[in-house]
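Enquirer: Got a structure for you, questions after.
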Amino acid sequence: MDIAALLSGGVDSSVVVHLLCEQGYKPTLFYIKIGMDGAEYMDCSAEEDIELSTAIARRYGLALEVVDLHREYWDNVAAYAIEKIRKGQTPNPDVMCNKLIKFGCFEQQVGKDFDLTATGHYATTLQLGGKTWLGTAKDPIKDQTDFLAQIDYLQVSKLLFPIGGLMKHEVREIALQAGLPSARRKDSQGICFLGKINYNDFVRRFLGEKEGAVIEFETGKKIGTHRGYWFHTIGQRKGLGLGGGPWFVVKKDIQDNIIYVSHGYDAEQQYGYEFRMKDFNFITDNPWEGSTGEEEVTFKIRHTPEFIKGRLLHDEEGYRIISSEKLQGIAPGQFGVIYDAESRVCFGSGEIG
């Protein structure tokens, strides 16, 4: 069986290679090079990533190829993020990177020549009813199915997640015992295309600055200023520069460039119990095809370890979730990710409208 393995230079993908080789496979290794447009935005950490990936390839006597998808990434993912921010929405570039780049452009250019593509994502695949479904990882804190919930059936049916059945500390221990060069490397943080670039610097480059008012939601009183609504997201608590907190963003007026904040006077105004999703993507199948009732599900609206219980309803306008608990920071542009009631199978996701 011919397997393509995606390397990032981190401990997770390195352990993927180690496990595949222990099982007798000889995967071909690929490092996908992405990044911002413009030399001043190129991330120097990519050089270290490639060095570590090269060391892994040499360690196991495997071929490593660097696949440059910088232009494809810029056209498909970075541009998407900028447009969402411009509209006052909260983008999720990691979701689109998986859908369009790692399992999109890479598959079209390279992966098509292999039987399977292995990655270091914390996820699993399940065989149910003769079909492949996206399953959650053993480690709920590291589970990354929410970042994979926009892929399609052709993509999930070719994916292999060798570390999905392991806890993070087990992965780290395997790397230490095997003496892998990335064994003690810290996990990457933040948006995938920014690398070490400051998020606000990225936004400022493309959207500039424009002073606007910060208004207390409950009283209508102006309590400060900001440099542009596009620097702020619903639910944001840090970086507001306001005294007397904690404050968090509860609303944005895009037309008048106003940020509304609150810190707990009226909890019912700050939270919601339901949200709608548009253009819902079922990864494998719609398990409720033809059903007109409510379905018991679990879901996520951001990358957190917790799965929230709720009810999924379908009407002429699409799908909506009624949560069993209050939800803070329901952000248009993010994705509502739907799972079965046991949080075992990830069915797909839709953009929160």
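Just so you know, glycine gets a Cβ as well, placed from its N, Cα and C.
What Swiss-Prot shows for this protein is this:
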- LEU6, LEU7, SER8, GLY9, GLY10, VAL11, ASP12, SER13, GLY120: ATP binding site (BINDING)
- CYS97-CYS192: disulfide bond (DISULFID)
- CYS97: active site, nucleophile (ACT_SITE)
- HIS121: site 'Interaction with tRNA' (SITE)
- CYS192: active site, cysteine persulfide intermediate (ACT_SITE)
- GLN334: site 'Interaction with tRNA' (SITE)
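Mind running through what each feature is packed against?
Expert: The DSSP secondary structure for GLY120 (ATP binding site) is coil.
In the three-state DSSP classification, CYS97 (disulfide bond) falls within a helix.
The number of other CB atoms found within 10 A of the CB of CYS97 (disulfide bond), across every protein chain shown, is 25.
All protein chains considered, the CB of HIS121 (site 'Interaction with tRNA') has 25 other CB atoms within 10 Å.
Cβ-based neighbour count (10 Å, all protein chains) for GLN334 (site 'Interaction with tRNA') stands at 26.
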Enquirer: Give the distance between the Cα atoms of SER8 (ATP binding site) and GLN334 (site 'Interaction with tRNA'), rounded to the nearest whole Å.
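Expert: On Cα coordinates alone, these residues lie 25 Å apart.
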Enquirer: When you rank LEU6, GLY10, ASP12, GLY120 by Cα distance to GLN334 (site 'Interaction with tRNA'), which of the binding-site residues ends up on top as the closest?
Expert: GLY120
Enquirer: Under 8 Å Cβ-Cβ from GLY120 (ATP binding site), six or more apart in the same chain: what's there?
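Expert: For GLY120 (ATP binding site), the qualifying residues are LEU6, SER8, GLY10, ASP12, SER13, SER14, VAL15, VAL16, ILE163.
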Enquirer: Calculate the distance in Å between the alpha carbons (Cα) of CYS97 (disulfide bond) and HIS121 (site 'Interaction with tRNA'), and round it to a whole number.
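Expert: HIS121 (site 'Interaction with tRNA') has its Cα 13 Å from the Cα of CYS97 (disulfide bond).
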Enquirer: Work through the binding-site residues one by one (LEU6, SER8, ASP12) and point out the residue whose CB has the fewest other CB atoms within 10 angstroms.
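Expert: Sparsest of the binding-site residues LEU6, SER8, ASP12 by Cβ contacts within 10 Å: SER8.
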Enquirer: Looking only at LEU6, LEU7, SER8, GLY9, GLY10, VAL11, ASP12, SER13, GLY120, which the record lists for ATP, tell me the maximum pairwise CA distance in angstrom.
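Expert: Value for the max Cα separation, rounded to a whole number: 12 Å.
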